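Per TrEMBL, these features apply:
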DOMAIN    A:18-211  domain 'ABC transmembrane type-1'
TRANSMEM  A:22-46  transmembrane segment
TRANSMEM  A:147-172  transmembrane segment
TRANSMEM  A:192-215  transmembrane segment
Amino acid sequence: MFNYTFHWNQALRALPQMLDGALVTLQVAVLSMVIGLACAIALTGFRLSGSRILSGIAAVWVEVARNTPALFQIYMAHFGLGNFGIHLSPYAALLAGIAFNNAGYLAENFRGALKAIPETQTRAGRSLGMNSLQAFRFIVLPQMLRVAYLPATNQMVWAILMTSLGVTVGMNTDLAGVTQELNARSFRTFEFFAIAAVIYYFIAKAVTLAARALAWRMFRY
Amino acid sequence: MLDTALTWNDLLFLGQGAAMTLAVTAVSVAAGTIMGIIFGVIRFQAGPIWSMPLMFFLDIFRSVPLLIQLVLGNALQSIAKLGWPPFTTSCVVLSLYTAAYCTEIVRGGIASVPVTTRRAGRSLGMTWGQDMRYIVAPLATRVSLPAWIGLTLGVMKDSALVLWLGLIELLRASQILVTRLQEPLFILLICGAIYFIISFPIARLGGYLERRWSPHD
Amino acid sequence: MIEIENAHKSFGNLEVLKGINLNVEKGEVVTIIGGSGSGKSTLLTCINGLEPINAGRIRIDGTEVHAKTTDLNKLRQRVGIVFQQWNAFPHLTVLENVMLAPRKVLGLSRDKAEEIAVKQLTHVGLHEKLSVYPNRMSGGQQQRMAIARALAMSPEYMLFDEVTSALDPMLVGEVLDTLKMLAEEGMTMICVTHEMAFARDVSDRVAFFHQGVMAEIGAPDEIFGSPRKPETQEFLGSVR
């Protein structure tokens, strides 16, 4: 049944190239998270602003991010913006798509975290003479961060996995892109992609463990 | 009013793509859920230590990009000369992917049933199977359903990736039309709207059930 | 001096305070007793300005609490309140819980705030728990921490809103002892409570609230010994 010879040596020789690709993957993921966090904070502000237009924008953003495929969002950035004469490079389109997706999920996460802190906490702060900003800054926010932290780290892992979608819009510098190029030249599909899978696995695990270690240091209560 | 080259035939083409998306999702979620229930019960009964190999295996599907899984699945079936068409390969990979997430949902659901409730069942002379069937299953389903609906929606969205194996599902169909008609934004908006129409009501139902069945109210 | 004049408060259609008149002098301890829904807890949150009143006026040392021009944050520094649910800040240690408001609201230095916090925590008997997180402590300890937290702002008045109601019976004593100590030190206090023995012991005056009205007020001996109103007699009969 298996008269196929695996050529691991050939694939392993390409490991340095693939690891370089992994760095690009990590870079895109981190950048998309930073942009996504900034947008999510803004969206949360929009939702709380009381303005119908702003909260409408936030609602559309969050619903589209959560109810359409991430790949669709990347296609939108890559092909859709062409209608406005904006032609993003694969890198920019990938980054924009994932950042958009991150922002939607994180904004929803923030909303849940905000709801999870009881009103009585604010009240206790106010009763000590704090103004509402102080009560939010010193009492609600730190507790909110803890609630939001774990889902946010999950989103980071998602962001790493989503970067692999770049290959579908012609990205060739990240791990999936590099692997696909190697594959196109050698047709050693299984070997190359198996190694890529192992690298993705270790990145995902490393990020999860690092996040857990950080949480352990940050949230002592 | 609309100045577009899009014809009814093209819309039909998109519809066929959507049907493919739904077919892949339905098969994968059905198979993945059955596997998830079996694995989840094993995971719960065997405890964290003995189920470690199983959990490690399933964790791979959650820590490796689905696109890579699909490519690997396709490469494996070709190496093994199984001669599967892309549809079969896609469904097999997506089912395992679904099962990996579903296992945790099922385990969580079973774990949420209080031991005292189960003891009450067993004290009436029920067997393990009867306890599972009449006590645990109904209660665990309530707890797990919102998460399972979320998973189904997730798989529906992730199924877009099967385009990489050559299946013409909704997103691929849209891309083909974009290339031919050069109206990217308009066609992608229709595509997004179709995804939305499929998932939004289900998402709302999930949210409703979550509120309705929340144990904290 | 706290002056309450004809205070009215409604939540929607429900009128919880129907014209309360009460003056509390400096150094006085007034306890408020009454059934649930009698409006006694609402009165405390109104005195602190956490809830607006619908009519009447409340003045603290001449400052009108519900006037638009009043800086409530300033006013609340003079009027501490402790709730039934102690509302510990779970993300801060016991010491940090108490230090937070003196540092951020009063603008004290870290050292000065710590000095005050340690003093107040020692006062309520928690000097060994400084670096512990609240959820590691019993309800009684958390409640005493909440008292120290309010005292650290050096308030001139303290309001206690059923501070022992959410506690296990075993833990009630330690919190009541803390309140007694404060009363003996001359703190001006208004306590809403269900602990009749405590009310009898520490109060200068006891007020009985019934359905949003202050039905009766007087020295503990009068209220507990020879209540005049039938509602008071009935209430006291039911809790004995």
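Placement of Cβ uses the backbone N, Cα and C atoms for every residue, glycine included.
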Original post:
So which residues does the transmembrane segment (A:22-46) touch in its own chain, when a touch means Cβ under 8 Å and the partner is 6 or more beyond its ends?
Top reply: 54-55, 57-58, 61-62, 91, 94-95, 98-104, 106-107, 109-111, 114, 152, 155-156, 159-160, 162-164, 166, 173-177, 199-200, 203
Original post:
Restricting to the same chain and to residues at least six past its boundaries, which positions have a Cβ under 8 Å from a Cβ of the transmembrane segment (A:147-172)?
Top reply: 25-26, 28-29, 32-33, 36-37, 70-71, 74-75, 78, 90-91, 93-94, 97-98, 101-102, 105-106, 109-110, 112-113, 116-117, 178, 180-181, 200, 203-204, 207-208, 211-212, 215, 218-219
Subject >> Beyond the flanks of the transmembrane segment (A:192-215) by at least 6 residues, Cβ under 8 Å >> reply: 11-12, 14-15, 18-19, 22, 25-26, 149-150, 153, 156-157, 160-161, 164, 175-176, 179, 182-183, 186
